Amino acid sequence: MIKTAIVFGGKSPEHPISILSAKAVYKNIDREKFDVSLIAITKNGDFFSGEGAFEFLENGDKSKVKQVDCGIFKLFDVIFPVLHGPYGEDGTIQGMLDFLGVPYVGCGVEASAIAMHKGISRDLFKIAQIPQPEYIYLTKKEKEQGLKDALEKLNFPLFVKPCRGGSSIGITKVKHAEKFKDAVELAFQYDSEVIVEEGISVTKELEVAVLGNHNLIISPPGALIPGDEFYTYEDKYVETKTKFSIPAKIPKEVEIKIKSYAEKAFKVVKGKGMARIDFLYDENENKVFLNEINTIPGFTEISMYPKLMALCGFTFKKLTTKLIELALEND
């Protein structure tokens, strides 16, 4: 039996989504192969372990958990981080596990940090000549100049986002200049850097799942049609008004192009294990644009990553097994 710890919760605004994802992973892990434990991280960054870890983070019940320190990770053969956003998806916990010498599922420090920062990853995708929306990113210190530059160089509508965020938290679609500053201030509530992206004519939002270290498996694209103007937090996890088309109904040549861009993007950031890569598709112009790469994609029962990998023959249980096997591979 391989001693495995699922790590979830964390200090990120995506803490609640991490719990949902971890529950699904815990439910769908092969108990005949893996001896599974739970490690919960509070919003303050404290570690607790025990069979009551989910209940502890949800309602504070400490009866079936005990507080531990990071040394606990050395007791396991492999760690399965199910942490979304800062401190979990940005290379922070990956660096700690590397320091401790413990294998873990998913991308390493470098890929996690690069992919988490929407501005830096866009800079690299630009060098790699992967089509994407025009963008500018700015810090609080250079906010006023950044606001001016964005209004001069980008066309409305604009999407304003925290540079290192996910689950659509802190994102605003801005159609008019008078709303722009408020949108930037909102994004700054979630990160010290903000990216402003030019809106493009999109008829479909497409996502692909990537699995592997070297010989990559890339799923056919899935399409989502948001219930709102874009795929909001509420749409993803609360009201779920979004409709899915899995696989997406798109021309074969577009699918081939998207898979090619996905492989290129994964390699540009030096990805490992898994990622979900999102694209924007303009059917009228037959153009595809890279939106973003997610190195720890959502793993809830309704998340796109497991749905897309099912198209490649992976049940949820088979998927978690494969991810752990990839983590234990010697490069």
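Just so you know, glycine gets a Cβ as well, placed from its N, Cα and C.
Listed in TrEMBL:
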| type | residues | note |
| --- | --- | --- |
| ACT_SITE | E14 | active site |
| ACT_SITE | S167 | active site |
| ACT_SITE | S303 | active site |
| BINDING | K118, 159-161, 167-168, 197-205, 291-292 | ATP binding site |
| BINDING | D278, E292 | Mg(2+) 1 binding site |
| BINDING | E292, N294 | Mg(2+) 2 binding site |
| DOMAIN | 122-325 | domain 'ATP-grasp' |
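Feature map: TrEMBL annotations on the structure.
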residue : record                : DSSP (3 states)
E14     : active site           : coil
K118    : ATP binding site      : helix
K161    : ATP binding site      : strand
E197    : ATP binding site      : strand
T203    : ATP binding site      : coil
D278    : Mg(2+) 1 binding site : strand
N291    : ATP binding site      : strand
S303    : active site           : coil
If you compare CA-to-CA distances from K118 (ATP binding site) to each of the recorded positions D278, E292, N294, S303, which comes out shortest?
E292
Candidates K118, K161: member of the binding-site residues with the richest Cβ shell (10 Å):
K161
Given I200 (ATP binding site) and N294 (Mg(2+) 2 binding site), what distance in Å do their CA atoms have, once rounded to a whole number?
21
Across all the protein chains here, work out how many other Cβ atoms are within 10 Å of the Cβ of D278 (Mg(2+) 1 binding site).
20
How many Å lie between the Cα of N294 (Mg(2+) 2 binding site) and the Cα of E14 (active site)?
13
Distance check against K161 (ATP binding site) for the recorded positions E14, D278, E292, S303, keeping those with Cα within 10 Å:
none
Restricting the comparison to the recorded positions E14, D278, E292, S303, which residue's C-alpha is spatially nearest the C-alpha of E197 (ATP binding site)?
E292
Report the nearest neighbour of D278 (Mg(2+) 1 binding site) in space among the recorded positions E14, T203, N291, comparing Cα positions.
N291
Around the Cβ of E14 (active site), the count of other Cβ atoms that are within 10 Å:
26
Taking the Cβ of E292 (Mg(2+) 1 binding site) as the centre, how many other Cβ atoms fall within a 10 Å radius?
21
Reported as an integer number of Å, what is the Cα distance between T203 (ATP binding site) and S303 (active site)?
21
In the chain carrying N291 (ATP binding site), residues 6 or more apart in sequence that have Cβ under 8 angstroms from it:
Q132, P133, E205, D278, F279, L280
Might you list, by sequence position, any residue in that chain lying six or more from S303 (active site) with a Cβ less than 8 Å away from its Cβ?
S21, A24, P297
Measure from the CA atom of E292 (Mg(2+) 1 binding site) to the CA atom of E14 (active site) and give the result in Å, rounded to a whole number.
17
Which residue among the binding-site residues E197, I200, T203, N294 has the fewest other Cβ atoms within 10 Å of its Cβ, if you could check?
T203
